[in-house]
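For ASN172, GLU238, the entry in Swiss-Prot reads Mn(2+) binding site. Taken from Swiss-Prot, the feature prenylated FMN binding site applies to ILE175, TYR176, ARG177, ARG189, TRP190, LEU191, ARG194, GLY195. Among the features that Swiss-Prot reports, active site, proton donor is placed at ASP287, with the record citing sequence analysis.
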Amino acid sequence: MSFKDLRSFIDHLEANGELKRISYPVDPHLEMTEIADRVLRAKGPALLFENPKDHHMPVLVNLFGTPKRVAMALGKDDPLALREVGELLAFLKEPEPPRGFKDAIAKIPMFKQALNMPPKTVRNPPCQQVIKTGDEVDLTQLPIQHCWPGDVAPLVTWGLTITKGPRKSRQNLGIYRQQLLGKNKLIMRWLSHRGGALDFADFKQQFPGERYPVVVALGADPVTILGAVTPVPDSMSEYAFAGLLRGERTEVCKALSCDLEVPATSEIILEGYIGPEELAEEGPYGDHTGYYNETDKFPVFTVTHITHRKDAIYHSTYTGRPPDEPAMLGVALNEVFVPILRKQYPEIVDFYLPPEGCSYRMAVISIRKQYPGHAKRVMMGAWSFLRQFMYTKFIVIVDEDVNCRDWQDVIWAITTRMDPKRDTVMIENTPIDYLDFASPVAGLGSKMGLDATNKWEGETNREWGTPIVMDPKVKQKIDSIWDELGIDDSPTL
């Protein structure tokens with residue numbers, strides 16, 4: 001099932017018991033965070049606060065608070081089915097030439113579908129049903145969440161920031177948090193390596209002193225939102241990818257103040273510009289690490305137009321110590337990454353980003369080991385293959401007999417198959433998450449690789465241990481007599 005806009009997804013969730021409407025007046029200042037946090041930790045539904053205190057616009061939170069709802073947003077019934085999305089991305093990233101005539105015929109539908117999914121421009125879009133300019137622009141009228149007691153100001157969290165570099169043929173969609181600075185100003189917190197920041201830097205170089213047009217879409221359709229956090233090939237727009245997943249072209253419209261294209265069914269659109277040198281101190285904010293981050297200067301986004309649907313819905317979230325919504329999103333997208341990594345490294349059996357690791361700071365990978373040093377090759381490849389893993393600080397490599405998603409298994413492998421000196425790889429002065437205050441320098445830190453695989457000749461001079469395994473015939477016999485033993489509530493091994 002596909003969803004053309006956020007509202008149709010809300011209806012679908014409600015019909016399936018995955019959304020709860022809250023009519024009680026709840027304050028966007030701290031109260032929504034506390035409620036959403038409790039519900040997420042209980043694996044509860046998405047929440048629609050219909051009467052936010054001192055505001056007239058409903059607030060939607062916890063939309064992607066379970067892997068199941070992430071899968072539902074992409075038209076799947078189960079998070080494991082998201083591997084199909086990963087297989088599609090793996091194909092689009094590195095399409096294989098046909099192995100013969102039959103293979104070429106089989107691949108035609110996929111190529112044709114990919115080529116036929118450019119966005120569709122529409123007139124009179126829903127997102128421009130209400131238009132506010134000049135003195136009418138007032139961001140304080142939006143029910144923007146103030147998430148934590150130590151946060152400096154309310155924070156826009158789920159906005160899709162739309163930019164375009166002067167030398168690029170396609171737009172970039174990114175999700176960057178934005179601090180409320182005034183009635184018409186937000187601080188655009190994009191790090192220097194992110195797509196929006198790169199587009200802006202390129203624009204300043206090409207057109208020094210000029211204003212850079214930027215648009216932020218709030219409450220886009222769920223597939224487009226998730227497309228912005230998925231490793232879409234650089235040659236393909238997030239709109240085209242969203243259309244491919246939806247099976248229907250993404251509807252877009254021209255912004256009123258510039259040539260940027262925005263999702264036509266979005267709930268709210270913020271249009272404006274970033275001045276060449278206007279910066280402001282951003283933060284502190286409670287973040288996905290579970291700590292308040294440091295402050296730093298980032299560009300100021302001046303909003304000149306606010307357009308929105310009639311009876312618009314404000315989409316929001318909070319970030320905090322895992323589990324939070326980004327962590328749940330990471331659990332679901334984990335399944336997308338597996339086929340992409342396998343495409344490059346077929347020896348990978350499974351891949352896991354534990355949510356306790358703040359979504360991406362630790363990865364555990366199981367492999368079919370084939371030669372000495374193989375684990376180190378895979379860990380280096382994982383760090384460099386996808387930009388999503390640039391900030392992964394720790395990678396643990398285990399053999400295929402170890403379940404990389406089971407900490408008991410992983411800890412057993414680390415403690416029995418590793419020598420701390422021989423099997424630890426340390427790399428200094430690598431890109432690191434700006435929010436990681438444990439690094440010695442902001443944005444620059446080290447990485448650690450742990451080779452917890454069985455060691456081959458050349459990696460050790462000692463005879464390697466043989467794992468203890470029960471005789472299969474004995475196991476089979478005990479299975480057959482288990483009920484007669486009268487041992488209640490014990491598992492069959």
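Residue numbering: from 1, along the chain as shown.
Cβ atoms are placed via backbone N, Cα and C, with glycine included.
Sequence features, as recorded in Swiss-Prot, placed on the structure.
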| residue | record | CB count, 10 Å |
| --- | --- | --- |
| ASN172 | Mn(2+) binding site | 20 |
| ILE175 | prenylated FMN binding site | 18 |
| TYR176 | prenylated FMN binding site | 22 |
| ARG177 | prenylated FMN binding site | 22 |
| ARG189 | prenylated FMN binding site | 22 |
| TRP190 | prenylated FMN binding site | 23 |
| LEU191 | prenylated FMN binding site | 16 |
| GLY195 | prenylated FMN binding site | 20 |
| GLU238 | Mn(2+) binding site | 27 |
| ASP287 | active site, proton donor | 24 |
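Excluding the listed site residues ILE175, TYR176, ARG177, ARG189, TRP190, LEU191, ARG194, GLY195, the same chain places THR161, GLY174, MET188, GLY196, ALA197 with Cβ atoms within 8 Å of the centre of the prenylated FMN site Cβ atoms. Geometry remark: ARG194 (prenylated FMN binding site) versus the residue listed as 'active site, proton donor', CA distance 18 Å. In this structure, the CA atom of TRP190 (prenylated FMN binding site) is 18 Å away from the CA atom of GLU238 (Mn(2+) binding site). Straight-line distance linking the Cα atoms of ARG177 (prenylated FMN binding site) and ASP287 (active site, proton donor), rounded to a whole number, equals 11 Å. In this structure, the CA atom of ASP287 (active site, proton donor) is 21 Å away from the CA atom of GLY195 (prenylated FMN binding site). In the shown protein chains, 18 other C-beta atoms lie within 10 A of the C-beta of ARG194 (prenylated FMN binding site). Here ILE175 (prenylated FMN binding site) is positioned 12 angstrom away from GLU238 (Mn(2+) binding site), judged by their C-alpha atoms. When the Cα positions of ILE175, TYR176, ARG177, ARG189, TRP190, LEU191, ARG194, GLY195 are compared pair by pair, the longest gap among these prenylated FMN-binding residues is 14 Å. Classification of ASN172 (Mn(2+) binding site) by DSSP places it within a strand.
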